Amino acid sequence: MKLPIYLDYAATTPVDPRVAEKMMQHMTMDGVFGNPASRSHKYGWQAEEAVDIARNQVADLINADHREIVFTSGATESINLAIKGIAHFYHKKGKHIITSKTEHKAVLDTCRQLEREGYEVTYLEPEANGLIPLARIEDAMRDDTLLVSIMHVNNEIGVIQDVMAIGELCRSKGIIFHMDAAQSAGKLPIDVQQLKVDLISISGHKMYGPKGVGALYVRRKPRIRLESQMHGGGHERGMRSGTLATHQLVGLGEAAAIAKQDMESDNARIRTLRDKLWNGVKHIEETYINGDMEQRFCGSLNVSFNFVEGESLMMALKDLAVSSGSACTSASLEPSYVLRALGLNDEMAHSSIRFSIGRFTTDEDIDHAIKVITQSIDKLREMSPLWEMFKDGIDLDQVQWAHH
């Protein structure tokens with residue numbers, strides 16, 4: 001068992017050794033290192049072939065046509081290209097966008113930028129379980145609504161939105177639907193032949209591939225058009241210029257192929273470990289799970305331990321690599337905006353920890369985690385005057401705190 005135990009797979013995943021091995025064959029002089037756009041010699045042809053294979057592997061993962069895959073530097077770029085690209089290309093059709101308050105910062109900040117450019121954005125409230133009711137999306141739709149952007153799996157609480165129904169609704173109204181699948185691609189089945197989604201953002205490093213690479217699925221039938229955000233040599237059919245990073249793309253492709261092959265067995269094992277972890281900590285008094293327990297990705301568990309400060313708990317859990325909130329915002333001491341949107345108060349949001357389990361988590365890891373969590377909570381609550389008051393039956397909401 002390696003300490004600290006890594007339970008932060010929603011932040012990033014280690015590169016699968018099979019992926020790393022494949023990548024190494026596309027870097028050095030004795031490998032396939034050429035520029036895929038070099039059409040005049042063998043080095044370029046070999047690199048182009050490697051990229052074509054990777055494109056097909058990513059397409060196969062979501063049952064798409066290989067021509068619908070645009071390679072990017074990651075999900076953040078894919079999201080920017082999707083949302084800004086649609087908004088700018090179709091601006092004469094309308095300037096209204098619908099999203100939710102619990103989206104990733106990449107979506108929220110892109111929408112904020114468009115607001116500065118004169119677009120109007122509706123940010124939907126989720127239910128207390130993290131799910132967005134379909135009727136709420138429909139009620140927000142207007143004649144000038146151009147785009148709906150809703151994530152498939154939430155990065156903090158792991159809830160799965162009903163993207164099948166959202167896609168049907170958007171298609172029936174002639175509105176473009178973008179889905180952020182950074183947390184679901186390679187972990188949950190996605191079939192674009194069944195799903196009426198127009199754009200899908202995909203990340204490499206969330207599915208045991210390398211960091212710094214991702215993809216955007218852009219539907220061909222009905223055809224979706226985008227305005228490029230990166231100008232240059234006209235790579236990726238003019239949608240994303242820049243020399244293709246062969247080794248990165250080979251890694252992304254291999255990760256996608258492995259994910260497709262191992263998804264069922266991976267998830268069965270991960271679900272067993274997740275259930276074991278939850279069963280090991282749920283007996284702790286004043287412990288709550290955040291987000292819907294049924295409509296949830298099996299590798300994610302967001303738990304609030306009331307009367308324990310999240311940051312002190314993380315320090316106490318030094319043997320566990322976990323986070324409070326997403327990795328992108330965990331450096332700030334603000335409570336998670338996702339948990340606040342679910343209606344949690346500051347104290348409960350601050351006392352939450354995200355545990356995310358993955359391909360390389362073991363039974364032994366979970367046993368150790370349960371032991372460490374239980375001991376740490378007992379120890380921290382022993383030092384907490386609020387816990388003492390709560391145990392004495394004092395209603396803390398009624399206490400008038402004096403300011404000094």
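The backbone N, Cα and C atoms fix where each Cβ goes, and this holds for glycine too.
Listed features, source Swiss-Prot:
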- CYS328: active site, cysteine persulfide intermediate (ACT_SITE)
- ALA75, THR76, ASN155, GLN183, SER203, GLY204, HIS205, THR243: pyridoxal 5'-phosphate binding site (BINDING)
- CYS328: [2Fe-2S] cluster binding site (BINDING)
- LYS206: N6-(pyridoxal phosphate)lysine (MOD_RES)
### Summary
Between the binding-site residues THR76, ASN155, GLN183, SER203, THR243, the one whose Cβ has the fewest other Cβ atoms within 10 Å is THR243
### Query
Between THR243 (pyridoxal 5'-phosphate binding site) and LYS206 (N6-(pyridoxal phosphate)lysine), what C-alpha distance do you get in Å?
23
#### Entry: All-chain count of other Cβ atoms within 10 Å of HIS205 (pyridoxal 5'-phosphate binding site)
22
### Message
What whole-number value in Å do you get for the largest C-alpha pair distance within ALA75, THR76, ASN155, GLN183, SER203, GLY204, HIS205, THR243, the residues recorded as binding pyridoxal 5'-phosphate?
### Response
30
### Task
Using DSSP with the three-state reduction, classify THR76 (pyridoxal 5'-phosphate binding site) as helix, strand or coil.
helix
### Summary
SER203 (pyridoxal 5'-phosphate binding site) falls, by three-state DSSP, under strand
### Query
Around LYS206 (N6-(pyridoxal phosphate)lysine), how many other CB atoms lie within 10 A of its CB?
27
### Message
Can you tell me the CA-to-CA distance separating GLN183 (pyridoxal 5'-phosphate binding site) and LYS206 (N6-(pyridoxal phosphate)lysine), as a whole number of Å?
### Response
6
